[in-house]
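Database features (TrEMBL):
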DOMAIN    149-455  domain 'Phosphofructokinase'
BINDING   156, 219, 220, 244, 245, 246, 247  ATP binding site
BINDING   245  Mg(2+) binding site
SITE      246  site 'Important for substrate specificity'
BINDING   273, 274, 275, 318, 319, 320, 374, 431, 432, 433, 434  substrate binding site
ACT_SITE  275  active site, proton acceptor
């Protein structure tokens, strides 16, 4: 088994110091080592070419197959301040003297600890990509009294934002004795157009009980040079950015500009999106709260339609490009007859269409409930209203309102074509869900994210985001979470469970058959 390793001068290597001394590994020099399973020793080999470079990563490890029985191992590392400030001094971590951490069996995370992106593998298959595990390191690259941190929230609202703000402030103060923490008001543009506010544990003590964001937010407003100028002028050296994929793209630009200027500034992201469409991580904070709150709207719709003749309830939930909230809320409810999401195409008329399914359910049960994600069916509405593609300040496509459109279509079809009266009930709880405080589960999750970001920034990591990967929290290069969106996979078991629960048509096979018939008739 060959191991290719690249180390920087001051970065903690992914192997133990004793092993590195034994092998006489040289900084900044790729080393190829062969591991012998028989006696557990390494032998030096000529340097290879390091594979799979990452945009923001500077260290990669690959274990390449020499036989069919051995595995590939890749570490997608995050940048470190010493990558462009090689003479940066380090200091003992203040947690060594912490009363809270004194009872922890292993206070500091080992540099060898990594988290696997894929935990379900087959015998003989590659081990795949790994990320650095979050947590406190033995050495830090900031003196607590010299830290000036700032926190900014961007994009739409989501349950749990205030909890993340609170725990960053309390984590910096209680664990690392940092007292100089600024709040940037109003999103990215707040860096250069608004005043800051001082944040202390006392100031943020109760904000987790409130919805929204204590610091206020906005979309757009990102001007990299103005933002970094402000960071430099104010003497800020730790930047905590809470937002979604668009916000993280902005965070990546800030990191690149900081690196270009050679500033000792750690840039840490905390992924936020109520739609759960952030790639790599298991889920985004606020998602559990959103699914739980969506139950109230679904229950209300079910009560309404069950109380009238031919009741049809439509509940519109969040989900611009990803239908996770609609899918999980449907599975949790068990009162939903049909779930429509952006990833799954559907059609209204004809055999196997939505109208046929609605009529069948009304005959069987006398009522039905449909949950629809806001991004579903956009192509059908656009074709009718001939709407031009417009975008918001964040660059997101402005959606046409699927809820009223679908309600009108169903009502018109059964009233005009089927001569059948239906009682339509339409509920849109979108802003009610976005504005509530996070539940207990999300509060704990937000704490872990905030503390992970604080530990990473203090340890000198930068250009990273945090999140759980297979239930273990990891530092992830920002480029990995912005390269694509997380979407519901129609071929996965979770969607199959939903179809089994609702007994709705999958629409996929039927739609293909319909297209084939249309082609034959041309």
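Cβ atoms are placed via backbone N, Cα and C, with glycine included.
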- Query: Which one of these binding-site residues, 245, 275, has the sparsest Cβ neighbourhood, judged by other Cβ atoms within 10 angstroms?
  - Reply: 245
- Query: the domain 'Phosphofructokinase' (149-455): mean pLDDT?
  - Reply: 93
- Message: What does the structure give for the C-alpha distance between residue 434 (substrate binding site) and residue 247 (ATP binding site)? Integer Å is fine.
- Response: 18
- Note on the structure: Candidates 273, 374, 432 (binding-site residues); nearest Cα to residue 247 (ATP binding site) turns out to be 273
- Task: If we count other C-beta atoms within 10 Å, could you say which of the binding-site residues 156, 220, 246, 319 has the fewest?
- Result: 220
- Of the binding-site residues 273, 275, 319, 374, 432, the one whose Cα sits nearest to the Cα of residue 220 (ATP binding site) is 273
- Long-range Cβ list for residue 273 (substrate binding site), cut-off under 8 Å, min separation 6+ in sequence, same chain only, gives 155, 158, 244, 245, 284
- Message: When you rank 156, 219, 246 by Cα distance to residue 319 (substrate binding site), which of the binding-site residues ends up on top as the closest?
- Response: 156
- Among 156, 219, 220, 244, 245, 246, 247, listed as contacts of ATP, what is the widest Cα spread in Å, to the nearest whole number? 12
- Site extent for substrate (largest Cα pair distance over 273, 274, 275, 318, 319, 320, 374, 431, 432, 433, 434, Å): 17
- Task: Only counting partners 6 or more residues apart, tell me which same-chain residues put their Cβ under 8 Å from the Cβ of residue 432 (substrate binding site).
- Result: 293, 297
- Distance [Cα-Cα, Å, rounded] between residue 219 (ATP binding site) and residue 275 (substrate binding site): 16
- Task: Between the Cα atoms of residue 156 (ATP binding site) and residue 275 (substrate binding site), find the distance and write it as a whole number of Å.
- Result: 11
- Would you please pick out, from the binding-site residues 219, 244, 247, 374, the one with the fewest other Cβ atoms within 10 Å of its Cβ? 219
